[in-house]
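Encoded as structure tokens, the structure appears first; notes follow it.
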Amino acid sequence: MQESIFLLLVFIYAATITSFIWLAVERLPHQLKWVDNPVSDITIWSPGSKCNNCGEKIRWYYLIPVLGYFLCRGECGYCHAKVPVRYPLTEFICGVCCVIIFVFWGDRLYDAVIVSLLFLCLVFLALIDLRENWLPACVTYPLFWAGMITPGFASSDDKIFGAFAGFLIMYISMKLVSALRKEDVFAGGDIALATAAGAWLGIDKMPFFLILSSFIFILYSLPARLRGQVFVPMGPALSASFFICLVYH
């Protein structure tokens, strides 16, 4: 009984953070002036959530993760514009994934907390890269330093060499691809994320991480290219590979 209540709380905590993740994905590019013509008064903290269609403030109980979508019947209470199902779906999936993490890690509560937070951070990076083609340094840099100082996943020497390998291989790869294609494909955010992955995973995991990242990227980039999409973000592939390698540990 106690374990069930605990896992329910884990689900609520993960779904709530995921709800905030979606807000950050939509607002951070404006706050940090990444987008053209950013809205000057928007931050990740204020103003309160509003309908994207009519601008009316959303009632607090409609903001409850997952449940709020069903309370409002999937539409704005004022203009009846449809609420995208991606919001409750992502909240539910992330909640379930974090519950699985806590079940999988069993009595290692410290590891479960770290891995679940890292998972949610990678979800944020994947989503914002898909939406904005951007991996913000305000997230990737702290992620790197967190990997360097967090014990238990790799030795200090492995972390240093892993981070260096992630940086160097991604940097050289992008320079070579840019030269071969005669166009700039250099992405500093991807390099920063690969460096952060090296700091968490250590040098031993980096070959598998880089190969798996490339494989995942090919899986979704080829169809996108065939559809005529010019730029395909690599952040989701790096994030997925990062987490898989961490769990494999």
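Glycine too: its Cβ is placed from the backbone N, Cα and C atoms.
Keep in mind the model is a prediction, meaning the values are calculated, not measured.
Some features that TrEMBL has for this protein:
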| type | residues | note |
| --- | --- | --- |
| TRANSMEM | 6-25 | transmembrane segment |
| DOMAIN | 13-103 | domain 'Prepilin peptidase A24 N-terminal' |
| TRANSMEM | 89-106 | transmembrane segment |
| TRANSMEM | 112-128 | transmembrane segment |
| DOMAIN | 117-222 | domain 'Prepilin type IV endopeptidase peptidase' |
| TRANSMEM | 135-154 | transmembrane segment |
| TRANSMEM | 160-180 | transmembrane segment |
| TRANSMEM | 192-218 | transmembrane segment |
| TRANSMEM | 230-248 | transmembrane segment |
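For the domain 'Prepilin peptidase A24 N-terminal' (13-103), residue counts in helix, strand and coil come to 46 helix, 4 strand, 41 coil, using DSSP. By number of Cβ pairs under 8 Å, the transmembrane segment (6-25) is matched best by 89-106 from the list 89-106, 112-128, 160-180, 230-248. When Cβ-Cβ distances below 8 Å are used as the criterion, the transmembrane segment (135-154) is approached by residues 28, 32, 34, 110-111, 114, 118, 121, 124-125, 128-129, 160, 162-163, 187-190, 192-193, 195-205, 235, 246, 249 of the same chain, each at least six residues removed from its ends. Same-chain neighbours of the transmembrane segment (160-180): 144, 147-148, 154, 186-187, 190-191, 194-206, 209-210, counting only residues six or more beyond its ends whose CB sits under 8 Å from a CB of the stretch. Counting same-chain residues at least six beyond the ends of the transmembrane segment (112-128), those with a Cβ under 8 angstroms from any Cβ of the stretch are 10, 14, 17-18, 21-22, 24-25, 28-29, 90, 94, 97-98, 101-102, 104-105, 134-136, 139-140, 143, 150, 152, 193, 200, 235-236, 239-240, 242-243, 246-247. In the predicted model, the domain 'Prepilin peptidase A24 N-terminal' (13-103) has a mean pLDDT of 93.
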